[in-house]
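Asker: Annotation comment: Swiss-Prot describes 1-61, 952-974 as region 'Disordered'. For 1-23, the entry in Swiss-Prot reads compositional bias 'Basic and acidic residues'. Residues or ranges marked as transmembrane segment by Swiss-Prot: 93-112, 118-137, 265-286, 295-321, 631-651, 662-684, 698-712, 738-761, 813-840, 869-887. For Asp351, the entry in Swiss-Prot reads active site, 4-aspartylphosphate intermediate.
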Amino acid sequence: MSSKKYELDAAAFEDKPESHSDAEMTPQKPQRRQSVLSKAVSEHDERATGPATDLLPPSKGLTTEEAEELLKKYGRNELPEKKTPSWLIYVRGLWGPMPAALWIAIIIEFALENWPDGAILFAIQIANATIGWYETIKAGDAVAALKNSLKPTATVYRDSKWQQIDAAVLVPGDLVKLASGSAVPADCSINEGVIDVDEAALTGESLPVTMGPEHMPKMGSNVVRGEVEGTVQYTGSLTFFGKTAALLQSVESDLGNIHVILRRVMLALCAISFILCMCCFIYLLARFYETFRHALQFAVVVLVVSIPIALEIVVTTTLAVGSKHLSKHKIIVTKLSAIEMMSGVNMLCSDKTGTLTLNKMEIQEQCFTFEEGNDLKSTLVLAALAAKWREPPRDALDTMVLGAADLDECDNYQQLNFVPFDPTTKRTAATLVDRRSGEKFDVTKGAPHVILQMVYNQDEINDEVVDIIDSLAARGVRCLSVAKTDQQGRWHMAGILTFLDPPRPDTKDTIRRSKEYGVDVKMITGDHLLIAKEMCRMLDLDPNILTADKLPQIKDANDLPEDLGEKYGDMMLSVGGFAQVFPEHKFMIVETLRQRGYTCAMTGDGVNDAPALKRADVGIAVHGATDAARAAADMVLTEPGLSVVVEAMLVSREVFQRMLSFLTYRISATLQLVCFFFIACFSLTPKAYGSVDPNFQFFHLPVLMFMLITLLNDGCLMTIGYDHVIPSERPQKWNLPVVFVSASILAAVACGSSLMLLWIGLEGYSSQYYENSWFHRLGLAQLPQGKLVTMMYLKISISDFLTLFSSRTGGHFFFYVPPSPILFCGAIISLLVSTMAASFWHKSRPDNVLTEGLAWGQTNAEKLLPLWVWIYCIVWWFVQDVVKVLAHICMDAVDLFGCVSDASGSGPIKPYSDDMKVNGFEPVKKPAEKSTEKALNLSVSSGPHKALEGLREDTHVLNESTSPVNAFSPKVKK
């Protein structure tokens, strides 16, 4: 039958191999090597438990004025964060490869006394820096606003009243309330009373620690039981979080990968443009005997227009828009460049508890009974009777049982006596009387092997119970036995309940989707090996699991070998996850996978996860993570579960597609422009077609037209961050050779069509060739010089915008994905402005280049010249798109530059075996430990409790010390 499942925080059940807390350590446990984190904790604990004179006396509360004075003295209660001044952001926008080229052009124009052109270039420089500064500030404000939603609060006694305030403004001497369910907002001393504190996020200890006035709860821990008043002793960098700063500094902050890519693209385009423009400059001096001034002016203007001035601005805007989109999916981005890295993730190292699982223990449907009339419902009622069912639960086990049992049925009984859980007996017991029949009986619930020793028919059911225990243990499922006395006072086994922290309903499907999207998932947990194996089986992950003793032992996290990936990569790739790991193992696992060639994402929630989060390409702090984990992470989840991470990947891939289409377009536009003027300078010169104008011996545009093209294009490109795209089905990585090839194909068609129109225009302009020109065949009058210049301006401008629509769909036709309304409207507006400017341009001579509007004319045919240019551009746009698709088909067929290869680690993966040695490496054995294998080989004939005794001293077996839950953990025989 189905029963109500109760959800319980699984942190209390998760088994981790180590404790650094203030609680008493189990004496049998061998002392493990001390990590960097352990040293930080020890140093902090020494200070916290030092002489009483080092600590403030119990506080009775502060006034607002006192708190403000102390805040000025001690600073805010938060991790220090470096912020770039606003003015420095603006100054940076005025310097760099792109701005430097523009400054050179401005200086040259002013040196040549071209004041209007120099002023235009200077205005563009200032406008570019201002827009870049504004977009950067806006993106930073968006991230800061999202971060503010993560700020913790604290209940503090100020001005003679309790109030809720931002934990960041706490100061030493504040009186705070530490209550069940709340986070400890700072390092506090307890004034009076005791509380149970969960320090798992700080120390790895899975069991709550009981703390009194002699202890100091640390910021980042959580109160799980009780309520006390405490005095704030340390805040900000003086807390344990400050003590872990040295560990986090072992990972240097890498420059975002996207900035490296942008620099490469900018330098490549600048180099190409500079070389071609210098060739034009030299040729003009030699061929046309142009003055140094005119030749230099032409070369500089073409160079300035060809370089992508707004490249970083558009990318920053696109990433900022992506971060807002991610926030709608419950993902807060703390570093914009992480979005680009997330799109290339092909390896996800995920926590088990809370991410893959519900982080809630549940009673399962499977229930084993030994007498007729007993079932899951009746067994749950008996288990609830062995507790105070109408009082707040005393422990995690009672909480789980009472949440699943029918408490109304329990009210039919009166509890005469109750014995709470005792770590020695490992069970609870109660004496009850049935209000309906008056029958008096005892009930008990506890560890299966303990209850088995109590029942009167142990010999009859021993083998059956042992088989059940072994089968459940082999699957990593915990179990709880319930027994009841009969009228003779004999104990009868009522049933065996099973419980575990189940997977989230969507986890299995999410992992399947992840693999379909090219992302491998590795589970990392501090839990027992058997529990990890069972979870992998339930989630269709490889149940082959590595434990901590199989991993390489690294002494210093600051000095990791550079050959980890080569030596141990195959071993780690061949398994489905890692169990019984320590915090530094996570750090090493991530580094090994990165060295193996994978783009690795890591999820974590505690201070001890912070180094691994920092080391990963993308660190993800899961829902409920500590401030230290959030500070180290690139992304913070505000909703639990793995599905949120997959959504982050898909949204990031959408952002990547937008940046890819923009870079492809920007490279194409640059190549189209510079190659057009380069070829036109050498082969299609007005002089060769009879031009006698000394200022029109070679074809060029006035600076104003160049700048109009630049401003309209860059303005339209600001909307590309909102474009519609389809995310890739595989991880994305930058393949710049392929990007340049794709852009070159688009540029070649656009440039070729522009050169052809220039040739047609020059023939229509020339008195010598007009009779055989297309202008004559179409019934158009001979083309004036001014209209030839304006026509080519319109052609180049239209081709630029149409190329944008081709570049955004990759290897598909331009209509494969409709553009977003904002991008479409931006392009239409820019095209209308260009068309209107070209049609009604005032007849003038800017920069001594004659210009004239295309719509000015005597006949209707002449007035329709802009329409002919549009038709010409659209026809060639279709040709460009067909050529693009065919080129992509050919590139995919030959896998040009690995364009269809997966973004995965390199090299084959060898199957893993227990005795696997990689390059001579053999896992280091821990000394003086009783292995699980030895305990598992004990004979069951002496009873399951004998076999279980051998497991009690093993550090990797679930802790049996004091927890009423861990007493029912899986133990198996070989």
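Cβ coordinates come from backbone N, Cα and C, glycine included.
In the displayed structure, how are the listed features positioned relative to their neighbours?
Answerer: With a cut-off of 8 Å between Cβ atoms, the residues of this chain six or more beyond the transmembrane segment (93-112) that come close are 118, 121-122, 124-125, 128-130, 132-133, 136, 263, 266-267, 270, 293, 296-297, 300-301, 303-304, 307-309, 311-312.
Only residues 6 or more beyond the boundaries of the transmembrane segment (265-286), in the same chain, are considered here, and those with a CB under 8 A from a CB of the stretch are 97-98, 101, 292, 294-296, 298-300, 302-303, 306-308, 311, 663, 666-667, 670-671, 674-675, 677-678, 681-682, 698, 736, 740.
The Cβ of Asp351 (active site, 4-aspartylphosphate intermediate) has 25 other Cβ atoms within 10 Å, all protein chains considered.
Beyond the ends of the transmembrane segment (738-761), by six or more residues, the same chain brings 268, 660, 663-665, 667-672, 675-676, 679-680, 684, 699, 773-775, 783, 788, 791-792, 795-796, 799-800, 803, 806-807, 810, 869, 872-873, 876, 879-880, 883-884, 887-888, 891, 896-897, 899 to within a C-beta distance below 8 angstroms of the stretch.
If one looks beyond the transmembrane segment (813-840) by at least 6 residues along the same chain, the residues whose Cβ comes under 8 Å of a Cβ in the stretch are 708-709, 712-713, 715-716, 718-720, 722-726, 790-791, 793-794, 797-798, 801, 804-806, 853-856, 866, 869-870, 877, 881, 885.
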Asker: When you scan the chain for residues with a C-beta under 8 Å from the transmembrane segment (631-651), skipping those not six or more beyond its ends, what do you find?
Answerer: 79, 81, 149-150, 241, 248, 322, 325-326, 329-335, 338-339, 341-343, 345, 348, 350, 354-356, 359, 504, 506-507, 510-511, 513-514, 517, 519, 521, 601, 603-604, 609-611, 613-614, 618-625, 727
Asker: Who are the long-range neighbours of the transmembrane segment (869-887) in its own chain, taking Cβ under 8 Å and residues 6 or more past its ends?
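Answerer: Hits for the transmembrane segment (869-887): 741-742, 745-746, 749-750, 753, 757, 791, 794-795, 798-799, 802-803, 805-806, 811-814, 835, 838, 854.
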Asker: As a test: from 295-321, 662-684, 698-712, pick the stretch that has the greatest number of Cβ pairs under 8 Å with the transmembrane segment (118-137).
Answerer: 295-321
Asker: Let me spell it out: take the transmembrane segment (295-321), skip the flanking residues so only those 6+ beyond its ends count, and list any with a Cβ under 8 Å from a Cβ in it.
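Answerer: Same-chain contacts beyond the ends: 96-99, 101-102, 104-105, 108-109, 112, 114, 117, 121, 124, 128, 131-132, 135-136, 138-139, 142, 258-259, 262, 265-266, 269-270, 273-274, 277-278, 280-281, 284-285, 336-337, 339-340, 655, 658-659, 662, 666, 669-670, 673-674, 677, 698, 700, 703, 706-707, 709-710, 714, 717-718, 720-722, 847.
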